[in-house]
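Novice: The structure is given below, and queries will be raised subsequently.
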Amino acid sequence: MGPGGTCPWSSRLSGFRVRTWIEPVVASTQVAGSLYDAGLLLVVKESFKSEAGGSSNYSANQSLVEYQEDQQQKAISNFNIIYNLVLGLTPLLSAYGLGWLSDRYHRKISICTAMLGFLLSRIGLLLKVMLDWPVEVMYGAAALNGLCGSFSAYWSGVMALGSLGCSEGRRSVRLILIDLVLGLAGFSGSMASGHLFKQIVGHSAQGLLLTACSVGCAAFALFYSLFVLKVPESKPNKVHPTVDTVSGMMGTYRTLDPDQQDKQNVPRNPRTPGKGKSSQREVVALLFVGAIIYDLAAVGTVDVMALFVLKEPLHWNQVQLGYGMASGYIIFITSFLGVLVFSRCFRDTTMIIIGMLSFGSGALLLAFVKETYMFYIARAIMLFALIPITTIRSAMSKLIKDSSYGKIFVILQLCLTLTGVVTSTIYNKIYQLTLDKFIGTCFVLSSFLSFLAIVPIGVVAYKQVPRSQQGECAEKQRS
């Protein structure tokens, strides 16, 4: 294989080729992000600790500690509602424009701008800890992060750079490697976060070391992308007339066209153009519905889970919280490893359903968790929970024209973003209302939504069956 068909790491490691690797940026950014997520939750928890003090009129029949804990949980939940609204809506103003500028002028624009927002938000948390600012200052930090594009602009830029300089045959390996780096970096940062969140001798602020490390990693990522990272030259793709594959975040997937038959074994019959386009539009619409319903379940569970583990019966400390967040990154790794295995023998729809069943079953068990080991069993059942959204996005790319990629994916991303904002608000309110009754209500709801999302995907799977097989099944049922 000549140099034109290889990825940067498979040929001679020249200085320029090493500088085209996006992995150092992904790793440092994700470590900073995992430290920030844990630090923000713990700092907010400590900030509301004093405000959740008991009342002199409060009944002595109930424990004062439980009352303070409930008030603290509600305060954190209300903070999360506003914070997620700001962080979720502000990128809508800039993410699309940054993507357009990156395509037109320079590929690093969206990455560098988004990482500037990451750095500013991390600095905001550091200043809040050092100067004991009110916790509301983090709303401004979230707004700055969002106006710089946030994760939407950043990850689209990472995927673009990861795909450049690599032939289509090796592109899936490159993108999987980026996913692996992301998962391992997040796991490492989360594992360390609880240990870093402690008082420094001579300083009363908790979380100073944790937030300082987050700022340092974010600053390294920004300066590396500005002064070291180079945009690789694009490699020409080889045309494979009998193979219809598209690279996604988790590898290369097979076609999902319901009207496409085996090109090698089945002779092509003329089809009515309008019928084929109509069928594809129906499949894309069903995939949209499945993605949105599943995203409702996933986003709601993640938002509530952080509060759930801080309250009885688990009542985790800082170190345990870091370990619990790290388990989420293990799920990220197992999900794309699952895609690597499943894509060899299953259709896209089958992989999506496997992921939805995995998440729904784990969420249902999570609702009845009483001990820490039960929490990790539930998370282990969710090991394929990240497969559905990525596979849906990859499957949709096979059903639309290249010229429509941007429009369709922007619409999908906007739908998922708005869904996440609405879901966060609704789930946090439900959590507050059911805090004293059944704390696992949100997880039961997520499980139901996850199983409900299988319905539109099942319809897509039915449409995927060749017409000849559907006719044979109908004849067998008549006989």
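Every residue, even glycine, has its Cβ placed from backbone N, Cα and C.
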Novice: Return whether the side of the membrane given for Ser63 in Swiss-Prot is the same as that given for Val465.
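Specialist: Swiss-Prot topology: Ser63, Val465 on opposite sides of the membrane.
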Novice: By a Cβ-Cβ criterion of under 8 Å, what residues six or more beyond either terminus of the transmembrane segment (175-195) are in contact with it?
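Specialist: Sequence-distant neighbours of the transmembrane segment (175-195): 22-23, 26-35, 37-39, 158-159, 162-163, 210, 217, 247-251, 317-323, 325-326, 328-330, 332-333, 336, 340.
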Novice: Which range out of 111-131, 208-228, 322-342, 442-462 gives the transmembrane segment (349-369) the most CB pairs under 8 Å?
Specialist: 442-462
Novice: How about the transmembrane segment (111-131) with the transmembrane segment (208-228) - do they touch, taking at least 3 C-beta pairs under 8 Å (6 or more apart in sequence) as contact?
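Specialist: Touching, yes - the transmembrane segment (111-131) and the transmembrane segment (208-228) meet the threshold of 3 or more Cβ pairs under 8 Å.
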Novice: Ranking 24-44, 141-161, 208-228, 282-302, 442-462 by the number of C-beta pairs under 8 Å to the transmembrane segment (81-101), which range is first?
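Specialist: Answer, by Cβ pair count: 141-161.
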Novice: Count the Cβ pairs between the transmembrane segment (208-228) and the transmembrane segment (442-462) that lie under 8 angstroms and are 6 or more residues apart in sequence, then report whether there are at least 3.
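Specialist: They are not in contact.
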Novice: Mind pulling out the one from 141-161, 282-302, 322-342, 442-462 with the most Cβ pairs under 8 angstroms to the transmembrane segment (24-44)?
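Specialist: Result: 322-342.
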